[in-house]
Amino acid sequence: MAIRLSNFIGDPFAIATVSFGLIAWIVAIAGAGSSPQSHFPRFTWWGIVYELLIILLITFLYLTNTIELYKFTLVGLIAVAFVYTTNSANGLVYESNSGKLCCAAGCILLSMLNLIWIVYFGGHPESPTNQFIDSFSIKSHTHNHGQLSSDEKHDDDLRVAPAPEAFQDNNLRQSQNKTPYMSSSQLNGLENFSSADVRQSRDLTNSRRQTVIADEEDAPVFRYKARALYSYSANPEDINEISFTKDEILDVDDIDGKWWQARRATGEVGICPSNYVKLIE
């Protein structure tokens, strides 16, 4: 579980909501600190601290790209924070003290943020609201990772190339088995075949074997398996996306971003959205 800043800054929704939450939290704690503590509700302090823990937790989950695994847990935790902030805002908004009013304003902003988080994290990935929000991060990620480079395409061509050679070798063995016995009179002219020619032939054979081994080593290795949580239809405008059905098992790798490299059981290779699958190994 690696912490990568790119996971966080690559999601505009994460940046916007966490930044808004930190600003609202600073307003709330500044108002609480400037209020006379003799008449300030003690439980509001716990609500402010609890809200900070929620913001830090969400930031950490985005940094580790595990936010999708704890969405339902977050909904419960944020619902508790929503009760805290709305209760504090209701108790402070009618006060005449400027510090309490400042804290009430911060709690109102935090309540708005908590409500947005509950709707987003509690919503289905295919719901209109979630798809609208995710579209911003998906577009930016597709632009960076959606197109394969010419070198990667060239490597794929090289990995496919050795297949005809194996087919030719098989045909050569069959033709050798069917070749009739040759007498010594038919072998005239082969006495000039030198050992240098033999060494050259061996060098060419070894070179071909090394090329095949190198191509096999360059082939992508899928270290993880994931189960599809929902069915997904690939974007026809992006040739690198793959379609899959719910509960289908995929081989995945490169799981740091919002799009993972995946391979279906049919051998089809492409990219899939990380919020549609769940790691099982």
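Every residue gets a Cβ built from N, Cα and C, even glycine.
With respect to the membrane, Ile9 and Phe40 are recorded by Swiss-Prot on different sides. Predicted-model confidence for the domain 'SH3' (221-281) is 85, expressed as mean pLDDT. Across the candidate stretches 13-33, 74-94, 101-121, the maximum count of CB pairs under 8 A to the transmembrane segment (43-63) is reached by 74-94. Remote same-chain residues near the topological domain 'Extracellular' (95-100) are listed as 31-36, 40 (criterion: CB distance under 8 Å, separation of at least six residues from the stretch ends). Residues in the topological domain 'Cytoplasmic' (64-73) partition by DSSP class (helix H, G, I; strand E, B; coil) as 7 helix, 0 strand, 3 coil. For the topological domain 'Extracellular' (34-42), the DSSP-based tally of helix, strand and coil residues reads 2 helix, 0 strand, 7 coil.
Remark: secondary structure over the domain 'SH3' (221-281) totals 3 helix, 26 strand, 32 coil, with classes taken from DSSP.
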